[in-house]
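S.K.: Dropping the structure in here first, questions after.
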Amino acid sequence: MTAPVIGVLALQGDVREHLTALTGAGAQARPVRRPEELDAVDGLVIPGGESTTISKLVDIFELRDPIDKRIAAGMPVYGSCAGMIMLATEVLDGRPDQRGFDGIAMTVRRNAFGRQVDSFEAPVEVDGIGGGPLHAIFIRAPWVERVGDGVEVLGTVTDGPAAGRIVAVRQGNLLATSFHPELTGDLRLHGYFVDLVRTTS
Ligand code: GLN
């Protein structure tokens, strides 16, 4: 079985960690900064970082149209944290000029968990991923306030002040998490995405 080619949008954020995790999960992983590089991948990861900055750089690097078109054509995309924000159709507490890819029919709230719990860790059970809960790391993370038709909720926080908050979703070939599996060394979420790309391409 050949390894699918998966790009990591390499404009800002924790690109290297995703490249390492994707390689470990059996993909050929490459940074994507230019439209020609996007053409050469079967799937794309949008990393955590700062969604307002990524939004600006997507325009500067002339990647908005090409990514919109690939998403419309069914390319699998996984967005983590800022990447989740970039995939949402609606962003609360965003900057008025930030724009995403309108991929997943959901409303996300930026920096939702609040100042006191800017960063925290919690076990999150994700539907479709066996072997027990993922150790989820949240860093100034968004949560999902509402999902529209066709969006599957894959994971919620189970304990503490944020209990019940949706933090992992999927709509068709688009996957998003509020948290950062690339920082844990646990490759299961990346493996799930690699399988999705493999069965799509
Ligand atoms: N707060 C950031 C944003 O708005 C996301 C943080 C992250 O990706 N770790 O984009």
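Cβ coordinates come from backbone N, Cα and C, glycine included.
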S.K.: Hey, TrEMBL has L-glutamine bound by Gly49, Glu50, Ser51, Ile139, Arg140. Any idea which of Arg16, Arg109, Arg110, Arg170 it lists too?
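M.R.: It is Arg110, as the record lists it for that site.
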S.K.: Could you state the whole-number distance in Å separating the C-alpha atoms of Ser51 (L-glutamine binding site) and Glu182 (active site, charge relay system)?
M.R.: 17
S.K.: Compare the Cα of Arg110 (L-glutamine binding site) against each of the active-site residues Cys81, His180, Glu182 and report the nearest.
M.R.: Cys81
S.K.: Using a 10 Å radius around its CB, how many other CB atoms surround His180 (active site, charge relay system)?
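M.R.: Result for His180 (active site, charge relay system): 24 other Cβ atoms within 10 Å.
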